[in-house]
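Enquirer: Dropping the structure in here first, questions after.
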Amino acid sequence: MPNVQEKQLRWYNIALMSFITVWGFGNVVNNYANQGLVVVFSWVFIFALYFIPYALIVGQLGSTFKEGKGGVSTWIKHTMGPGLAYLAAWTYWVVHIPYLAQKPQAILIALGWALKGDGSLIKEYTVVALQGLTLALFVFFMWVASRGMKSLKVVGSVAGIAMFIMSILYVVMAVTAPAITNVEIATTNITWQSFIPHIDFTYITTISMLVFAVGGAEKISPYVNQTRNPGKEFPKGMLFLAVMVAVCAILGSLAMGMMFDSRHIPDDLMTNGQYYAFQKLGEYYHMGNSLMVIYAIANTLGQIAALVFSIDAPLKVLLGDADSKYIPQRLCRTNASGTPVNGYLLTLVLVAILIMLPTLGIGDMNNLYKWLLN
């Protein structure tokens, strides 16, 4: 049997790989910066009404169509027809192209915090040099993704473990800091009212960031056919994903409230707050910047894993179970690792164009970053 068809994934691989595509500690920081301790209520609301049902639906559909190669597109093809499956798959793939163009810079920013202790690394390069380095990184990690499931499993599992451990470590150390180091809890007089939101337009608009924060579980769907006993293990992986994300979000937000005053949130918390949080934690325990550096390394691994899966998974959705009526079979050709080679080349061309376009006229790093985000 070809290597690509081996059932290499277990439920814990599914949970860790999907965790890294869905979650990041920055989601805790950014949403706390928006809402303060009220975000705890918001997380419970979002998990109950959206994320847990969503993760369970992904798990159920994966177990139902366990031999499908296209994930989401396979599900739609069997339930609503090949035409809608093609439209869904094409839109899912194409929206990832701009995301892929800016993701290598996120890797460089995280790496800069690990090496220099701040976010100044990318500012040292000219736009041409930076975009050249960005393109080189993208090509390298595209090669990593092209190695197939063994490579994806290692990258996803290692990054998932690292990010989950750092999230839990932050919670444990932040919660125990007042007892161990005698620091004061930043948010004083916490009562039940501290968690109750004032429902207005501003609050409602910030809810969208929570929904965005927990999206992406379906990205793991093309790998259900490479899961051992997928009818049981794939849904189990999705269930554990929901538990892991809920624990990190709710407990992480409570820990943030102990370190940052919910009533006077720093203006720059959303910008680099995830690094400031671990830096402040290191100060509590007289460890200097060591915790921040360790987190930056873990975050670098997380950004790499997110890039690798965002290269491979959307292409598998588009080409894995494609109808020849809509997509040329030449585009679907795979190598021995199951990689859609021509699809990779098409993605490389499009992403390379987006990466190098800013070199034609954007000379300021802030403008470049805004251009890529928009």
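A Cβ is built for glycine as well, from the same backbone N, Cα and C atoms used for every other residue.
Feature annotation from TrEMBL assigns transmembrane segment to 12-33, 39-62, 125-145, 152-175, 195-217, 238-260, 292-311, 343-363.
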Enquirer: Using Cβ atoms only, state whether the transmembrane segment (39-62) and the transmembrane segment (238-260) have three or more pairs under 8 Å that are 6 or more apart in sequence.
Expert: yes
Enquirer: Below 8 angstroms Cβ to Cβ, which residues of this chain, lying six or more residues outside the transmembrane segment (238-260), approach it?
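Expert: Distal contacts: 11-12, 14-15, 18-19, 22-23, 25, 27-29, 31-32, 36-37, 39-40, 43-44, 47, 51-52, 55-56, 58-59, 62, 164, 167-168, 170-171, 174-175, 177-178, 185-187, 190, 194, 213-214, 217, 266, 269, 277, 280-281.
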Enquirer: Under 8 Å between C-beta atoms and at least six residues away from its ends: which parts of the chain pack against the transmembrane segment (292-311)?
Expert: 17, 20-21, 24-25, 96, 99-100, 103-104, 106-107, 110-111, 113-114, 117, 138, 141-142, 144-145, 151-152, 155-156, 158-160, 162-163, 165-166, 170, 219-220, 274-275, 278-279, 282, 344, 347
Enquirer: Report, as numbers and ranges, every residue of the chain located at least six residues beyond the transmembrane segment (152-175) whose Cβ falls under 8 Å of a Cβ in that stretch; write 'none' if there are none.
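Expert: Sequence-remote neighbours of the transmembrane segment (152-175) are 8-9, 12-13, 15-17, 19-21, 23-25, 28, 144-145, 223, 244, 247-248, 251-252, 254-256, 258-259, 277-278, 281, 284-285, 291, 294-295, 297-299, 301-302, 304-306, 308-309, 312.
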